[in-house]
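Okay, structure first, notes after.
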Amino acid sequence: MDPVDPNIEPWNQPGSQPKTACNQCYCKRCCYHCQICFLKKGLGISNGRKKRRPRRTTPYNSENHQDPLRKQPLSQPRGEQTDPKESKKKVESKTKTDQFD
């Protein structure tokens, strides 16, 4: 093994770079050419632009958006339960009797 010179940066040490340049070949020998070739060719990892994937959305369900702990009771009307026509008749009869007072 070559002696390591502390005065030279690690990337400039002898044997730190391959003697041949990287190429576009994907054969086994070229895939193991250097660490960069192994990552790009062997593992298929590149730092290029990544494709944008659409988000997965769940189908809209109104039950998903409600509070499951509290179910509020239906509002109960207060007072007498009467038909609207009957209530109009009562109001008319009251107004007629009040007019004579």
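Cβ from N, Cα, C; glycine included.
Neighbour density for Cys22 (Zn(2+) 1 binding site): within 10 A of its CB lie 13 other CB atoms from the protein chains shown. In the three-state DSSP scheme, Cys22 (Zn(2+) 1 binding site) falls into the coil class. As annotated by Swiss-Prot, Zn(2+) 1 binding site applies to Cys22, His33, Cys34, Cys37.
The Zn(2+) 2 binding site feature in Swiss-Prot is assigned to Cys25, Cys27, Cys30; the stated evidence is sequence analysis. All protein chains included, Cys27 (Zn(2+) 2 binding site) registers 10 other Cβ atoms within 10 Å of its own Cβ. In three-state terms derived from DSSP, Cys27 (Zn(2+) 2 binding site) belongs to neither a helical nor a strand segment and is classed as coil.
Taken from Swiss-Prot, the feature compositional bias 'Basic and acidic residues' covers 80-101.
For Lys71, the entry in Swiss-Prot reads ubiquitin cross-link.
The feature N6-acetyllysine is assigned by Swiss-Prot to Lys28 (among others), with sequence analysis given as support. Sequence-distant neighbours of Lys28 (N6-acetyllysine) (same chain, six or more apart, CB under 8 Å from its CB) are absent.
Residues or ranges marked as N6-acetyllysine in Swiss-Prot: Lys50 (among others). Long-range neighbours of Lys50 (N6-acetyllysine) (same chain, six or more residues apart, CB within less than 8 Å of its CB): none.
In the shown protein chains, 5 other C-beta atoms lie within 10 A of the C-beta of Lys51 (N6-acetyllysine). Here Swiss-Prot flags Lys51 (among others) as N6-acetyllysine, drawing on sequence analysis.
Residues or ranges marked as asymmetric dimethylarginine in Swiss-Prot (evidence: sequence analysis): Arg52 (among others). Packing around Arg52 (asymmetric dimethylarginine) is summarised by its Cβ count: 6 other Cβ atoms lie within 10 angstroms of its Cβ, all protein chains included.
In the three-state DSSP assignment, the secondary structure recorded for Arg53 (asymmetric dimethylarginine) is coil. For Arg53 (among others), the entry in Swiss-Prot reads asymmetric dimethylarginine.
Outside the region 'Interaction with human CREBBP' (1-24) by six or more residues, the chain places 30, 33-34, 36-37 with a CB less than 8 A from a CB of the stretch. Taken from Swiss-Prot, the feature region 'Interaction with human CREBBP' covers 1-24, and the record attributes it to sequence analysis.
Mean model confidence of the region 'Transactivation' (1-48) amounts to 81 (pLDDT, 0 to 100 scale). As annotated by Swiss-Prot, region 'Transactivation' applies to 1-48, with the evidence given as sequence analysis.
Under the heading region 'Disordered', Swiss-Prot lists 1-20 (among others).
Among the features that Swiss-Prot reports, region 'Cysteine-rich' is placed at 22-37, with the record citing sequence analysis.
Remark: secondary structure over the region 'Core' (38-48) totals 5 helix, 0 strand, 6 coil, with classes taken from DSSP. Under the heading region 'Core', Swiss-Prot lists 38-48, citing sequence analysis as support.
The region 'Disordered' annotation in Swiss-Prot covers 45-101 (among others).
For 49-86, the entry in Swiss-Prot reads region 'Interaction with the host capping enzyme RNGTT', with the evidence type sequence analysis.
DSSP classifies Trp11 (site 'Essential for Tat translocation through the endosomal membrane') as helix under the three-state reduction. Counting in whole angstrom, Cys25 (Zn(2+) 2 binding site) lies 13 from Cys34 (Zn(2+) 1 binding site) by their C-alpha atoms.
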